[in-house]
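Enquirer: Handing you a structure now.
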Amino acid sequence: MKFYEYSAKEIFRAEGISTPRGGVAETPEEAERIAAELGCDVAVKSQVLTGGRGKAGGIRFASPSGVAEVTGDLLSSEVRGETVEKVLIEEKIPIDRELYVSAVIDRTAKMPLIMASAEGGVDIEELAARSPEKIVRYHINPLDEFLPYEAREIARKMGLESELIPSVGGVIWKLYQLFRKYDARLAEINPLVISGDSVIAADAKLEVDDDSIYRHREFMEMEEYEPEEFAFVKLDGDIAVIGNGAGLTLTAMDLIKLNGEPATFLDIGGGASEDVIRRALDLVISHPSVRVVFLNVLGGITRADDVARGVVNALRDARRDVPLVIRLTGTNEEEGQRILREAGIPFETSLERAAEKAVEIAKNL
């Protein structure tokens, strides 16, 4: 479960991490009122769950008199394929220095990892590739307590001046405490701003493990929460893989991996209805990194004609045009293939050929 920035900052503040003053607006009038109350120039920040807002024009600055116009421009615009419905209006804080700090799960080491850098406000992946020595990495045994002196040691290894070590170390310690408390997969501050004597989380990211939501029922009341209906994992590639059954989906992913990179694992399960197919396609198409969708269905209790109708409806209402490669065989396959053929949607019956086609399309885009 990913949190909007304003929601993440509410949690960060509750755990003692300072954030800029501000409020959420859904209209230009609300933005104008918030800016007037702040009485200073403001940052207008699109509230979307995708990354890279700044580069995509989703963060702008305005005076109190100009905030309504800027907000109007951002609302209903799209940032990396996601529609902006709210903006966060925050005081524009003077920046002396930008740092980076995060807590994540290191799946290779099978333990939490603190990452910190004296260079904040940049893409951490780019920094890791360009200057890996500038990132401090500190693994934490999940059976041990993370003590304040350890957080201060991380701040010291960042190369900070001695007067900053207690305050920055304090933020690192608090960030890890909320990371553990809320069963997070990611808790990130980028940038962590030094502004005079203050240390402020200018941005906040929080992603909580979906399997832990039952322990945090307050999250079920939040707009970010979506009840889980698929076995879904977001990956780093550009080819979304959907299948009916974990084995079929993993097999399709293995074939994609021969020459390409999967963007998702999505198992719709057995007996998937027309509506489930439509929602599954809607979900993967909503991710901006997805350039091709590979749907692999071997009909058993899942009927090929239901799958075909779901595909037709999903493509008719899709928010963006993404190439779709379908492998469709099994129960009612003749009817399903007829529906696709009449809708002008190509399909394959060979799994290997379908996977090759998906990779080929992705490489030529």
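Backbone N, Cα and C atoms are what each Cβ position is placed from, and that goes for glycine too.
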Enquirer: In Swiss-Prot, the substrate site includes Gly300, Ile301, Thr302. Which of Asn244, Asn259, Asn364 does it also list there?
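Expert: When Swiss-Prot describes the substrate site, the candidate it includes is Asn244.
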Enquirer: Restricting to the chain of Thr302 (substrate binding site) and a gap of 6 or more, list residues whose Cβ falls under 8 Å of its Cβ, or answer none.
Expert: Asn244, Ile268, Gly270, Gly271, Ala272, Gly330, Thr331
Enquirer: What's the longest C-alpha separation between any two of Asn244, Gly300, Ile301, Thr302, the listed substrate-binding residues, in angstrom?
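Expert: Site span for substrate, by Cα atoms: 10 Å.
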Enquirer: Going by C-alpha distance, which of the binding-site residues Gly52, Glu98, Asn190 is nearest to Ile301 (substrate binding site)?
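Expert: Nearest candidate: Gly52.
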Enquirer: Select the most exposed residue of Asn190, Asn244, where exposure means the fewest other Cβ atoms within 10 Å, treating these as the binding-site residues.
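Expert: Looking at the binding-site residues Asn190, Asn244, the Cβ with the fewest others within 10 Å is that of Asn190.
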Enquirer: Pick from Lys45, Arg53: which of these binding-site residues has the biggest number of other Cβ atoms within 10 Å of its Cβ?
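Expert: Its Cβ has the most other Cβ atoms within 10 Å: Lys45.
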Enquirer: Cβ within 8 Å of the substrate site's Cβ centroid: which residues qualify beyond Asn244, Gly300, Ile301, Thr302?
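Expert: Going along the sequence, the neighbours come out as Gly245, Gly270, Gly271, Ala272, Val297, Leu298, Gly299, Arg303, Gly330, Thr331.
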Enquirer: Using a Cβ cut-off under 8 Å and a sequence separation of 6 or more, which residues in the same chain sit near Ile93 (ATP binding site)?
Expert: Pro20, Val193, Ser195, Ile200, Ala202
